[in-house]
Structures are given as C-alpha cells and as structure tokens.
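Here the structure is laid out as structure tokens; the discussion comes afterwards.
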Amino acid sequence: FLFPYIQLDFEEAANLMDANRDVVTISIGDEDLKAKRQGPAGGFPPDVRKNLDFLSTNKCQCLKCRLIMFILFWLKLLAGQKKSAPFWTFEYYQAFFDVETHHVKERIIGSMLPWPGKNFIQVYLRKNPDLYGPFWICTTLVFACAISGNISTFLHKFGSSGYKYTPEFQKVTIAATAIFTYAWLVPLGLWGFLLWRNNKILNLVSYSFMEIICVYGYSLSVYIPAVVLWIIQVEWLRWCFMVVALCVSGSVLVTTFWPAVRDDNPRVTIAVIAIILLLNALLAVGCKAVRSAGVSYVLLHPCNCCTNDSNPVSVG
C-alpha cells in the first residue's frame, strides 16, 4: 500500500529539509537506529516523536520520509504487542506474582470490610488479578489452623495428671488439603459453570479464572485472625468468631458473584448463591474441626491394659 504514494523527487525533499533546519531527523543507515527503536514501553524517544509529528503535519510524499513513516509505523505496532508465554511455563504465571505491596494490602482490607454493592473484582482487582496474595493467605491459614490447634490442645490438657504434650503434625496436612482444595477446585468449578451459562445467556457478566481464584483467596484472609482467636478456651466465643468470619467471607463472595448470576434463571441464581455460601460454611466448620481433631496425649503411668511401665500409652 506504500509504493503508489512514493515519489522519487529528491530535490523536493532537499528543499523541504532546507526550509525546516531545526527539525530532528534520523538516518535509515544510522548505526544507532536499533537503540532508537528500543525506546520506553508505550512511546518513542523525543527525537523520534518530533520527527513523527513533523512528518504527519507536513504530509511529505518523498521517498525518505515515506520510508521513515513506514518504519515508525511498524515500531509503534510492535511496541504495543506483548508476547504471551505458554501457560505451562513459569513466565506465564510470573506476571500474576508481579504485584505491589500496597495493592495486596488494599485487597486484604477490602476483603475484611465488604460493603453492599461493592464488587471486589471491579473495585480492587481492576483487571489485574494476582496469585501472590491468595497463595500466601492460604499458606498462612494452613499453619494458623495447625498451630492454634496444637496450642489449644495444650492449654486444654495442661495440668492434667500424666499429660505429656506431643505435636500433631498431621493437622498441617489436613488443613492444607482442605484449604487449597477449596481455594482452587471450587473456583475452577464456578468458572466452568459461569462460562457455560454465559454461552447460553449472552448478557451475563463474565469473570476470568484468575479473577475468581483471586476473589476466593482474598476472601479467606478474615479466617486467619478468627483461627488465631480460637486459642481462647471459651467454646461459645469460638463459635462467634467462626460465624463472624463466615459472614464476612460470604459477603465478599456474594457481592462479587451476584452480578454474574442475577440475570440468569431465578432458580439457577438462588442455587449458585446457596452453593457458594454452603461450601464456605463447610470450610469454616472444617477449619474448626481441624483445630480440635486428633487430640492426643500420653499417659506416663500404667493402665489396666499395660503391664510394662516402660511403654507409655497414647490416647486420642
């Protein structure tokens, strides 16, 4: 498309350059052309921008100016392209861990203080989901469940005759399985369902898989202080902490996914919201069960079923 407009009038080009001596020009054979191409992302160096503005204003038809315009056109086109790596490579997921600290802090606070009508994805993610926050929130919650469970068991049995504390490392495995299964498989199922419904009903709001994982990950942040407070040896207070965490986490999920299902069939909408809240409640109950699971202690004195004083009996 370029060559029909090319004119081989070099005298016209020379007169044009004499009339505009102050303009900055570049040479096609310049050795620094490669360096000039590597300008800042989303723009060009000042001399190239001036040259581009000059050429677009004067609409010069000479061969040299046309070639320069052709080169700048493709440089600008290539500068706006981002080559995405395949999803099975580390480079693909590296972008999801490239997040600022203040963004993570803002999203954690937003997940703990939900507001009616505030969509977590639209307000806090803004088409920039991350995996850094959800991964560390889930990891922290796993160890918080295990550690608080061990401390709670110790405080409950402390002072009992013949009690010897033994750490319960199996709680880490149980908590990790439950929490990471909830934080990864539930978003996968929800994303697949929303994608299927979006294909049947075109006006539904759609979310990406990474956005759904991000929402579920940050919604678990409120469980961390609740789990830590479960160390308090008052059962009704523990249930209060669990209900508060359940309501806050559920509010984040409902306010986020309600716009995606509200235009669907009413039965489907109610079923989806009910399943989201039910699975969230099961996770809360599961965390509390992990805290109290595997209560074991060692009796240092012999019992009726043990005649050897050197072998302690484990009860649990």
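Glycine too: its Cβ is placed from the backbone N, Cα and C atoms.
Note that the structure is a prediction, hence the values are computed from the model and not measured.
Pulled from TrEMBL:
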- 112-284: domain 'Yip1' (DOMAIN)
- 131-151: transmembrane segment (TRANSMEM)
- 172-196: transmembrane segment (TRANSMEM)
- 208-232: transmembrane segment (TRANSMEM)
- 239-261: transmembrane segment (TRANSMEM)
- 267-287: transmembrane segment (TRANSMEM)
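Simply put, out of 131-151, 172-196, 208-232, 208-232 has the most Cβ pairs sitting under 8 Å from the transmembrane segment (239-261). Remote same-chain partners of the transmembrane segment (172-196), defined as residues 6 or more beyond its termini with a Cβ less than 8 Å from a stretch Cβ, comprise 134, 138, 141-143, 145-146, 204, 206-209, 212-213, 215-217, 220, 257, 260-261, 272, 276, 279, 283, 286-287, 290, 293. Residues 96, 107-108, 110-112, 120-121, 124-125, 129-131, 133-135, 137-138, 140-141, 144-145, 148, 151-152, 155, 179, 182-184, 186-188, 190-191, 194, 238, 241-242, 244-245, 248-249, 252-253, 256-257, 280, 283-284, 287-288, 291 of the same chain, all 6+ positions outside the transmembrane segment (208-232), place their C-beta atoms under 8 angstroms from a C-beta of that stretch.
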